[in-house]
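**Student:** For reference, Swiss-Prot lists these features for the protein:
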type    : residues                                             : note
BINDING : K138, Q164, D165, D166, E167, H255, G327, G349, G350 : substrate binding site
BINDING : D166                                                 : Mg(2+) binding site
Amino acid sequence: MAQINAVYYVSDSNEFIEEKAEKMATGLTAKPWQEMPEAEKQESFAYKGKVVSINEDPSYGEGSIVTISFPVAYEVPDFPSILTTTYGRLSYEPNVKLLDLQFSNDLVERFPGPLYGIEGIRDLVEVEGRPLAMSVAKGAIGRSIDSFHEQMLAHSYGGIDIIQDDERLFEHNWTPYEQRVPAGLAAIAEAAERTGRTPLYVVNLTGKTFELKERAREAIGLGAPALMLNVYAYGIDVLQGLREDPEIDVPIFAHSSLTGMMTRSKQHGIASRLLLGKLLRMAGADAVLFPSPYGRIGINPEEAQRVKDQLTMTTQMKRAFPIPSAGIDFQTIATVRQDFGEDVIINLGGSVHRYKGGVEAGGKAFIEALNSAN
């Protein structure tokens with residue numbers, strides 16, 4: 001039977017931690033264990049959560065690191081079942097944080113993982129040997145499709161590798177899919193005649209949950225070379241469903257909107273390394289935007305590195321691009337490259353738009369700074 005080891009930080013006093021850990025293990029699976037007749041206990045024992053270890057970690061201060069093993073009894077494992085099993089009832093506990101889920105290999109193999117990953121995206125943009133440069137089509141909300149075209153043109157002339165829709169650019173009457181995707185691609189093609197380069201346009205996929213697959217197919221039919229999803233606004237299972245659809249055969253970028261309420265507390269919620277790293281890679285994200293450690297809304301540097309490690313470590317799945325975002329400017333580029341290495345997408349949005357010479361000049365300055373930040 002497949003197994004999941006769930007790792008928790010329990011910030012309660014260590015005095016009764018053994019009892020609490022056992023209640024956590026049984027409460028998520030075979031509750032109420034103590035009240036079961038002996039015959040029922042024997043039937044349920046194979047499916048009962050079991051405490052594997054209880055340790056202290058000085059880096060977390062007071063409290064304990066508790067590891068519980070859960071058998072996976074369902075035939076087709078899915079993220080809703082897994083998260084409900086390992087953290088469903090515990091999410092009401094104010095002093096328990098889920099740090100990691102350690103999956104047995106046979107369980108990992110049942111999830112799709114990235115379709116393109118780092119190597120595939122590099123092939124699309126034809127850039128090797130340095131981090132990729134990404135910017136965002138900001139300020140498009142409420143403005144005409146002609147204005148959007150001009151902004152995409154400026155980004156393309158500036159030499160940006162990847163141009164992403166703003167995550168708040170939804171289906172508006174001033175920038176509907178049917179006009180926005182062709183306008184963006186036309187701007188890229190126009191600039192390519194002069195630059196010889198074709199940046200990757202990442203189209204924000206929005207709409208009602210049960211319409212997303214059809215919306216994705218429509219966008220791809222219009223020529224969209226990549227898509228972005230605000231994953232946790234919909235649910236991680238939605239990302240997996242998109243990735244497993246053979247007709248949705250373009251890279252999918254995962255945005256971390258809404259996850260702050262789940263990750264920010266040290267004592268409660270789900271760790272960024274798991275929520276934004278391991279799970280999104282398993283579900284099929286080719287690249288993941290997450291708060292950089294450099295801005296006011298950023299995660300701490302150690303956790304940012306753990307997110308990167310979960311996305312890029314060698315496993316049976318393709319590696320996914322980390323995209324630390326927010327709080328990055330021209331002065332931070334060298335630091336990002338030093339901290340995250342070559343296999344990172346550096347997302348510079350506001351600084352490119354605010355550049356004194358405009359977006360095109362900002363893009364060129366971005367590439368120049370990136371190339372000089374060795």
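Every residue, even glycine, has its Cβ placed from backbone N, Cα and C.
Could you place the listed features in the three-dimensional structure?
**Tutor:** Here the Cβ of D165 (substrate binding site) has 28 other Cβ atoms within 10 Å, regardless of which shown protein chain they belong to.
Cβ neighbour count for D166 (Mg(2+) binding site) (all protein chains, 10 Å cutoff from its Cβ): 15. Under the DSSP three-state reduction, D166 (Mg(2+) binding site) is assigned to coil, being neither helix nor strand.
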**Student:** DSSP on G350 (substrate binding site), three-state: which is it?
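**Tutor:** The three-state answer is helix.
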**Student:** In the structure shown, which of the binding-site residues E167, G327 has the fewest other Cβ atoms within 10 Å?
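**Tutor:** Lowest Cβ count within 10 Å among the binding-site residues (E167, G327) is G327.
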**Student:** Which site among K138, G350 has the most other CB atoms no more than 10 Å from its CB, taking these as binding-site residues?
**Tutor:** K138
**Student:** How far is it from G350 (substrate binding site) to D166 (Mg(2+) binding site), counting Cα to Cα, in Å?
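**Tutor:** For G350 (substrate binding site) versus D166 (Mg(2+) binding site), the Cα atoms are 11 Å apart.
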